[in-house]
Amino acid sequence: MRLGPRPVALVLLLLCAAVAGAGKAEELHYPQGEHRADYDREALLGVQEDVDEYVKLGHEEQQKRLQSIIKKIDSDSDGFLTESELSQWIQMSFKHYAMQEAKQQFVEYDKNNDGTVTWDEYNIQMYDRVIDFDEITALDDAEEESFRQDKKRFERANQDSGPGLSLEEFIAFEHPEEVDYMTEFVIQEALEEHDKNGDGYVSLEEFLGDYRRDPTANEDPEWILVEKDRFVNDYDKDNDGRLDPQELLSWVVPNNQGIAQEEALHLIDEMDLNGDKKLSKEEILENQDLFLTSEATDYGRQLHDDYFYHDEL
């Protein structure tokens with residue numbers, strides 16, 4: 001399934017930029033099984049340039065902004081950061097930067113600066129030309145053929161059927177998983193791609209795609225075993241051997257929640273000095289470098305974004 005081009009400004013992703021998925025994030029976080037502290041900083045602060053800017057802040061200003069962020073993460077104001085509070089904050093950070101990225105893209109795509117992005121403007125931004133195709137004829141280039149699905153998503157995002165997408169509609173186009181009215185489209189798109197027998201579900205065989213076991217092999221390769229485990233334990237919640245539309249949604253939509261929970265647990269595991277499964281301000285300041293190399297501050301990036309440390313957030 002292709003939800004459209006998304007240059008990733010987050011660690012992640014988004015996301016961790018994100019995005020290349022939780023498995024890729026794990027690989028980056030623990031190369032050869034060794035923990036990378038700078039991965040945590042980048043998750044909190046952002047790209048290396050943002051880390052460098054953080055270093056330039058005076059110690060007093062670093063402390064001031066960091067304590068402001070800690071206070072905002074502590075949603076119940078009890079003086080401690082729980083797994084839930086850290087996870088919710090990281091997810092909010094993911095969404096904020098995804099929206100900021102979409103807004104920046106909107107300006108780039110809106111070639112005539114009229115406040116909308118037309119399909120032709122999107123074509124030109126992506127391919128430097130307008131790609132013409134009808135609803136039936138297959139295109140020779142596989143990448144261009146996938147553009148057909150982009151147009152369907154573009155048309156679905158265009159709620160008012162105007163000549164182009166407004167900013168809000170463009171965000172729905174780039175991040176349909178964040179917008180309620182696009183949910184049905186996301187599910188239908190996934191079914192069209194994976195539901196080969198048309199029964200409205202995705203079986204394990206359909207989930208694995210074109211994989212065929214080597215008859216001479218004694219067992220499946222490691223990646224197939226991993227995918228089967230994900231199907232059974234992560235997605236097939238009712239254990240009926242197939243994914244219904246809602247279960248399918250949890251597969252095709254980036255699982256920022258899972259990434260955020262993993263990072264929250266990691267931070268508590270590394271920084272919780274008294275074993276109470278939560279973090280005090282003192283514990284965070286004691287491990288300031290670790291906290292500022294994590295997704296909790298987008299690798300320190302939040303210290304340079306007053307959206308996060310300003311009192312009115």
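Cβ coordinates are placed from backbone N, Cα and C, and glycine is handled just like the others.
Nobody curates TrEMBL annotations by hand; they come from automatic prediction.
In TrEMBL this protein carries:
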- 61-96: domain 'EF-hand' (DOMAIN)
- 97-132: domain 'EF-hand' (DOMAIN)
- 182-217: domain 'EF-hand' (DOMAIN)
- 229-258: domain 'EF-hand' (DOMAIN)
- 1-25: signal peptide (SIGNAL)
Per-residue pLDDT averaged over the domain 'EF-hand' (229-258), given as an integer: 87
The domain 'EF-hand' (61-96): DSSP-derived helix, strand, coil residue counts: 27 helix, 2 strand, 7 coil
